[in-house]
Amino acid sequence: LLATLPLAVHASPQPLEQIKLSESQLSGRVGMIEMDLASGRTLTAWRADERFPMMSTFKVVLCGAVLARVDAGDEQLERKIHYRQQDLVDYSPVSEKHLADGMTVGELCAAAITMSDNSAANLLLATVGGPAGLTAFLRQIGDNVTRLDRWETELNEALPGDARATTTPASMAATLRKLLTSQRLSARSQRQLLQWMVDDRVAGPLIRSVLPAGWFIADKTGAGERGARGIVALLGPNNKAERIVVIYLRDTPASMAERN
């Protein structure tokens, strides 16, 4: 689903019918928004104001908060953080290799976004004041919907009706646009955040697998329990980031391959 839906919607004269069909086939709930990056205009929306689990897509916002602290002079990407074995959680492919020497803040952000390293995310989350601190950052930049209440890996539980660690497609798209185009971050930090998304190494089975030659993509995926799956992406033809696409899926019995 997540691989084919954006391009199918883009090409379809009836994009909402395409989304409804996908939702029916998966027997779950799909939330999607396609937004013009330059203007912020909504191009396509389906369940865009309904809550969905963020899963690992929150890591982009987290690193945006870290970069805001860097811009303010309160953090440095070169600062080394040391941690212990007991700080590691499931799926930490990068951080587990650096117990002896630690990792810099910049390296942790790269690991969190490009490899979805969960321990890296938790270590970064601690630097911004935990889940409550990240939620406060979101409120400061005008996102009154998105909320983080838990750490990795509990935040991926995706319980029905649970508002914890959720967002809406519309809110996530608007927040991404603010981080990447407004003055919330310096131009240098915007370029860095976008580059980490360009360098994503765990999104191969999704949109990247069907993208036409010459298209730009920068993305971050997420996976959770109870059929939850998600992706946030910037993409466009002629190797230019023209639009933001956010897709979330929940409450489906579909396999991971089918969700992808």
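Start at 1 and count along the chain as shown; that gives each residue its number.
Placement of Cβ uses the backbone N, Cα and C atoms for every residue, glycine included.
Cβ environment of Ser56 (active site, acyl-ester intermediate): Ser116, Asn118, Ala121, Asn156, Lys220, Thr221, Gly222, Ala223, Gly230 lie under 8 Å away, each six or more residues apart in the same chain. For Ser56, the entry in Swiss-Prot reads active site, acyl-ester intermediate, with the evidence type sequence analysis.
Under the heading active site, proton acceptor, Swiss-Prot lists Glu154, citing similarity to another entry as support. The number of other CB atoms found within 10 A of the CB of Glu154 (active site, proton acceptor), across every protein chain shown, is 11.
Under DSSP, Thr221 (substrate binding site) is assigned to a strand (E or B) in the three-state scheme. Per Swiss-Prot, the feature substrate binding site maps to Lys220, Thr221, Gly222; the stated evidence is similarity to another entry.
Here Cys63 (disulfide bond) comes close to Cys109, Ala112, Ile113, Leu124, Leu193, Trp196: these same-chain residues lie at least six apart in sequence, with C-beta atoms under 8 angstroms from its C-beta. Under DSSP, Cys63 (disulfide bond) is assigned to a helix (H, G or I) in the three-state scheme. What Swiss-Prot records for Cys63-Cys109 is disulfide bond.
Among the features that Swiss-Prot reports, signal peptide is placed at 1-11.
Over all protein chains present, the Cβ of Cys109 (disulfide bond) has 27 other Cβ atoms lying within 10 Å. Summarising the environment of Gly222 (substrate binding site), the number of other Cβ atoms within 10 Å of its Cβ, over all protein chains shown, is 24.
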